[in-house]
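Sequence annotations record features per position, and here TrEMBL assigns active site, charge relay system to Lys69, Ser144. What TrEMBL records for Ser168 is active site, acyl-ester intermediate. Here TrEMBL flags 21-453 as domain 'Amidase'.
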Amino acid sequence: MAEWLSISDVKKKISETSAEEVTAAYLETIAKSSINGYTCTYDGAIEMAKEADKGEGEGLLAGVPIAIKDNISTKGLSTTCSSKILEGYVPPYDAHVIERLKAEGAVILGKTNMDEFAMGTSTESSCYGVTLNPWDTERVPGGSSGGSAAVVAAGEAPISLGSDTGGSVRCPAAFCGVVGLKPTYGAVSRFGLISYANSLEQIGPMATCVEDIATVMDVIGGHDPRDSTSIDREVNYRDALVDDVKGLKIGVPDEYFGEGVDEGVEKAVWDAIGKYEEMGATWEKVSMPHTKYALAAYYTIAMSEASSNLARFDGTRYGPRHDGENWHVMASRTRAECFGKEVQRRVLLGTYALSAGYQDKYYLKALKVRTLVKQDFEKALSNVDVLMGPTMPMPAFKIGEKVEDPLSLYLSDVNTVPMNLSGVPCISVPCGLSDGLPVGLQIIGKQYDEATIMRAAYAFEQNTDHNKARPAEVI
Ligand code: GLN
């Protein structure tokens, strides 16, 4: 039976046995898995664990196994973005976050399934097929980092990395009942992250508890000159783990409880806010008037950036090639054959939004809306310490339920994309169940103020039982 282990549980097991045994046990669990969370496992994992055993506990994550989303470059290990266009691609270098994990002794278990190029909310657009939600295998795990959340929820890794362009860490964390953080834009280097929409995305950790999120951030956060948007500031994330929210001022935006919010989700989130009151915090309603324009601006900007970022995948340098009489034919055949439907849709729409004559009307307009959304956050967060609301308006939906209707999928991102437009940090923590399915509470902070959202999340976790709920197959 698979188990939920925190980093400290894993370290305890290592001290009783060895990192090698712990890693071998995870690999065994993964081999028996039926949720399709991994795209591949790493054949060097045992070797890494043996190294950690030799290092005798040196490093913050010595011997601790971790699962990595398949859009983060791993030297010598397949990295495909769950796309046929990168089939067989093995990066010759490590992403910054992987270098940092290795330096602290972590063991890479494998790569996790995702929506193709991180475009999606359900992991259904992966070329490897959908990942099943461990809470109910007829349902999606959320997306796009569905594999990373599902393997943690299924006890197939204690911690994982995802990436969040418009909710891709927080949505699957909410749907799978685990914790997920989107750091402030620039807090984690994107060097080696294969870009979907680079002005919006951040790599973020997922785990079974807030403490582990802080530990992983202490490893992967910090300045990297190879990413020009990387922030140069010293932060100790574990210092934020204080069980005290007395005097904390919470803002609750009405706009996050708009049309179509599931009743069970709404109740769980308000109960959570009530709990904060009991714990000594205060709350007030705040207004975020531009929220309703955020989705349209997000999709315009994300697709525009995608159309340009994905231009490099043309059959020349990476992945398979479908030959033709000249480069144009070769490139268009390769792209038509190897990109999935959703990626093609976004590249086409993005190219259209950037084209001469339409750029002002769509792309530049979206950038102006982005500024307004950002100002909403600045204004609201000048009076309160954090904002709270549901991460997702509904719990995990059924596999196939939304595949024929991309617009309804886009609409489910309504509460997660505004934070990427503005760059602020946000975390999703389990706050109860709706019809037996996990609900995520989203806590949003000021730029660079991960400390306050982590403290709020930590205190909530310490004073409630929500993070003790887990899928039936897991202990
Ligand atoms: N669901 C959003 C999209 O499809 C967000 C994806 C992400 O964060 N990578 O773009």
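Any Cβ shown, glycine's included, is placed from N, Cα and C.
Features per TrEMBL, on structure.
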residue: Lys69; record: active site, charge relay system; DSSP class: strand
residue: Ser144; record: active site, charge relay system; DSSP class: coil
residue: Ser168; record: active site, acyl-ester intermediate; DSSP class: coil
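Long-range Cβ contacts of Lys69 (active site, charge relay system) within its own chain (separation 6+, distance under 8 Å): Lys111, Thr112, Met114, Ser145, Gly147, Ser148, Ser160, Leu161, Gly162, Ser163. Listed in sequence order, the active-site residues among Lys69, Ser144, Ser168 whose CB lies under 6 angstroms from an atom of ligand 1 come out as Ser144, Ser168. Looking at Ser144 (active site, charge relay system) and Ser168 (active site, acyl-ester intermediate), their Cα atoms lie 5 Å from each other. Shown in sequence order, Met114, Asp115, Ala118, Thr121, Gly143, Ser144, Ser145, Gly162 are the residues of the chain, 6+ apart in sequence, with a C-beta less than 8 angstroms from the C-beta of Ser168 (active site, acyl-ester intermediate). Using a 10 Å radius centred on the Cβ of Ser144 (active site, charge relay system) and all shown protein chains, the other Cβ atoms total 35.
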